[in-house]
């Protein structure tokens, strides 16, 4: 149901121009936020309602199909996996892990990007050259490859995945911040603030940062989907979260060898993940249409 | 033109040097002793010390970096701990399979993507257009390895029309290539659609229409040539994620390429191979982008690369 509402919202992307102006994309923003909120609730309260024990083994209830009943008579909505764990409970736990990683990595890369962007754009000079060449070099690296390399050295853990994904994600944020800093730097109101005796930090805080808010929101919504996908890929390769804290990626990878006998172990977490990323994608597009009319409809 | 060529070439070398340096920093400076990582936590201190000396890890970092740069310049990445033999040799041995897969993925994405983009742009806001835009959004939002597993499940396990793993016949490349190309397909579709819509009212197209030619002729070849310029640019940029994606996709389909070797080598802590593979992929990416930049002038005569300052 969430998938269809997200899809219905996408269709609004191509709505006729007359409906675009004013509060562009409100339906899409509200709809996708509702999906995200649903996931956030699942992540927050799901593991409390459906207790997940990573080491519990229940051999009698192995590989039950979705909507079947366990030997104790409980309904398992999404079925069970190869060691008899309820897939629904595992996915609730996975929602917590994946979304924590996604949000933490997003905040960290946003922060790195913001600091580097302001250093580059506001102070300029050699610092600008160094930071922007660093960004160029990093873009020459396929992002997932850099993440794989760092994750391989650091080893699998939740903290390491967050660090890895933040390192590969800061460039976009830095470029946008730098652009905004350059654009505001020579405006009259910035000069006026300076003439009134404001320190650099004050000018940056009151003049540059507010102009970054809208583009940051757009990039954040588009980027968090990529982060969640990248986390799943890393976990699939065994470089993400350890089996005791199963993310969606770990769960999908765990069902890989059972595709023909128990398709649901891989399929259902994948669908859950895709719906969330679609919601973030719709949200990002809608925010971009609202805040950046030049890019609308692209 | 020559000046631009030299500047662009120097820039590519600089970027490659940076990529090589990042690999060095990640493998040597990041917390954790490479010798300890290779030998595992149970190794005796004497063994670790011996390996550290063998790897030159007891020398100052700058000296290590110097040796490392020389080794990279000579394409010497040490031997593979697991397979024996030169690490770069092992990667190069499997590179043709990866190239075949990546090429098939790009061909699939570009042909189908242009087709879908043209179909979507031919009737903007129609049902077909909306279906295509939902389709591209969904495939951009699915994890590629998951899409691969689903394709495997449907076509190899249920319908049994395509082989599931390995590289025994030409049919083996179909599923991995489609999986690997999906993200790029979405991108090409979107760009083709917006490119066509953007130029659909250009006067030269109205001339074609005024001559009484059908809308099909307006699109092929007249409109499509200009609409495709952004597509060519992203082919270069997107190749990075295609190459990075091979690590995951080759693992899903047991495709005997360089990507799968990198993934396997990580599991066996065979870092020489990982390093060789990552640097080679970065090099391929840099070279392809250089070529795309240089070819740009040929595709779009309005762009004069000689005078353009990047």
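Including glycine, each Cβ sits where the backbone N, Cα and C put it.
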Quiz item: Of B:168-188, B:189-209, which range does TrEMBL call transmembrane segment?
Solution: B:168-188
Self-check item: Range annotated as transmembrane segment - as stated in TrEMBL, picked from B:65-91, B:227-253
Solution: B:227-253
Practice problem: Six or more residues out from either end of the transmembrane segment (B:273-299), which same-chain residues have a Cβ under 8 Å from its Cβ atoms? | Solution: 5, 8-9, 12, 15-16, 19-20, 23, 27, 72, 77, 80, 82-83, 87-88, 90-92, 95, 228-229, 232-233, 235-237, 239-240, 243-244, 258-259, 261-262, 265-266, 305-306
Quiz prompt | Candidates B:9-30, B:101-122, B:134-156; stretch with most C-beta pairs under 8 Å toward the transmembrane segment (B:227-253) | solution = B:101-122
Self-check item: Spatial neighbours of the transmembrane segment (B:9-30) far in sequence, C-beta under 8 Å, 6+ residues away
Solution: 57, 61, 64-65, 68-69, 72, 271, 275, 278-279, 282-283, 286-287, 289-290, 310
